[in-house]
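Enquirer: This is the structure I want to talk about, given as C-alpha cells.
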Amino acid sequence: MSTAEPLNPSLEPSQLGEGIFCDERTGTIYWVDIKKGVVHIQNAAGQHRTVATPGPVSFVFPFGSDRLLLGLKDGIYEAAAEKFLPIARLDLPAEHRLNDGKCDPSGRLWVGTICTASDRSDTAALYRLDGRELHEVEGGYVNANGKAWSPDGQVMYHADTSRNIIWQYDYNASSGSISNKRAFVRVEDGSPDGLCSDSRGRVLVALYGGSGVAVYSPRGGLVEKIELPVPNVTSCCFGGPELRTLYITTAYDGMEPAEREKYPLAGQVFRAEMSVPGLPAFRPAL
C-alpha cells in the first residue's frame, strides 16, 4: 500500500491547489492555486518560486524555453516576463471559467470548463485546442474535469465531477476525435477530480471529499486507495526517477476554521512512491 507525505510542508498551503505537472526533462514541478491566482514552481533542487496571474488560473504547462502556458478564466494564455498573451479565448457565460487542462500523448491540449453559479447548471463543456482555437467537443457538463489516456493512446478518460462518473471513450490519436462514450467508473468515495494513468493502464483518480487517490484497473475495478490526511484531493501526476513518484495537490477551499485546524495539511502538495511506474505528464505541442 502506497503512503503519501507532504512535498514541502513549509510552503503556504493552496486554497484550491490544482493542475499538478512534473516536467520529465528537468524534474521541475508546477501547480496552481486557482482561487488565489498563483502558479507554483519548484525545481528538482527544491527551490520554490511563484508567479502571480491576473485572476483565477486553472492549469499550467512549461512552454518553450522560459515561458508558461496557462489556463486563465476565459482562455489559454502564454506568460512571459510578466506579460499574459492570449492564445485562444472563449466567450463564456457569466459564472463560468476554464477548469482542468491536460495534453494527450501527442501534445494536443484538452480543456474543460466549470459552471460556478449557485444553480450549477449543465452549461459547461469539454474543449479541444486545434491550432489556436478552442473547439467544443461535448457539452452538457456542470464541471468538465480531469483527463487521462491509456498507454497505447487509444482510450481517453474524463471526470464528470458533478455526476460522480468517469467516462471512457475510444480515442483517435491522429484526429483527436472521441467516440463510443461509456461509463468507466461511478465514484462513491468523494467526487472524481484530476486524473492520470500508469504504465499498466490503471487510472488514478484524485477524490475531492474522499481523502485520497483511487487506483482503478483498466476494467474499472478498484485496486487500491492512497490515503491522504486531508479531505479534498484535487489532481495528480507522475514524475521522479523512473516515473514512480506520484505528486498530488489538495485544497482547503470551503473549509471552516475548525476543519482547517483538524486538517492542518489541507492545501499542501503530497508525494507517494508507487510500485508501478506512471505515464509522463505530456507537454503541449503548439
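Glycine is no exception: its Cβ is also placed from the backbone N, Cα and C atoms.
According to TrEMBL, the record shows the following:
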{"type": "ACT_SITE", "residues": "D193", "note": "active site, proton donor/acceptor"}
{"type": "BINDING", "residues": "E18, N145, D193", "note": "divalent metal cation binding site"}
{"type": "BINDING", "residues": "R97, N99", "note": "substrate binding site"}
{"type": "DOMAIN", "residues": "16-251", "note": "domain 'SMP-30/Gluconolactonase/LRE-like region'"}
Enquirer: Which of the listed binding-site residues (N99, N145) has the least company, meaning the fewest other Cβ atoms within 10 Å of its Cβ?
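Expert: Comparing Cβ neighbour counts within 10 Å for the binding-site residues N99, N145 gives N99.
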Enquirer: For R97 (substrate binding site), what is the tally of other C-beta atoms lying within 10 angstroms of its C-beta?
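Expert: Counting Cβ neighbours of R97 (substrate binding site) within 10 Å gives 21.
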Enquirer: List the residues in the vicinity of the divalent metal cation site, defined as same-chain residues other than E18, N145, D193 with C-beta within 8 angstroms of the site's C-beta centre.
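Expert: My list of surrounding residues reads N99, D100, G146, A159, T161, G194, A206, Y208, T234, S235.
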Enquirer: Can you tell me how many other Cβ atoms are located within 10 Å of the Cβ belonging to D193 (active site, proton donor/acceptor)?
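Expert: There are 28 such Cβ atoms around D193 (active site, proton donor/acceptor).
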Enquirer: Cα distance, N99 (substrate binding site) to N145 (divalent metal cation binding site), nearest Å?
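Expert: Given the Cα positions, N145 (divalent metal cation binding site) is 6 Å from N99 (substrate binding site).
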Enquirer: What's the CA to CA span in angstrom from D193 (active site, proton donor/acceptor) over to N99 (substrate binding site)?
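Expert: Given the Cα positions, D193 (active site, proton donor/acceptor) is 10 Å from N99 (substrate binding site).
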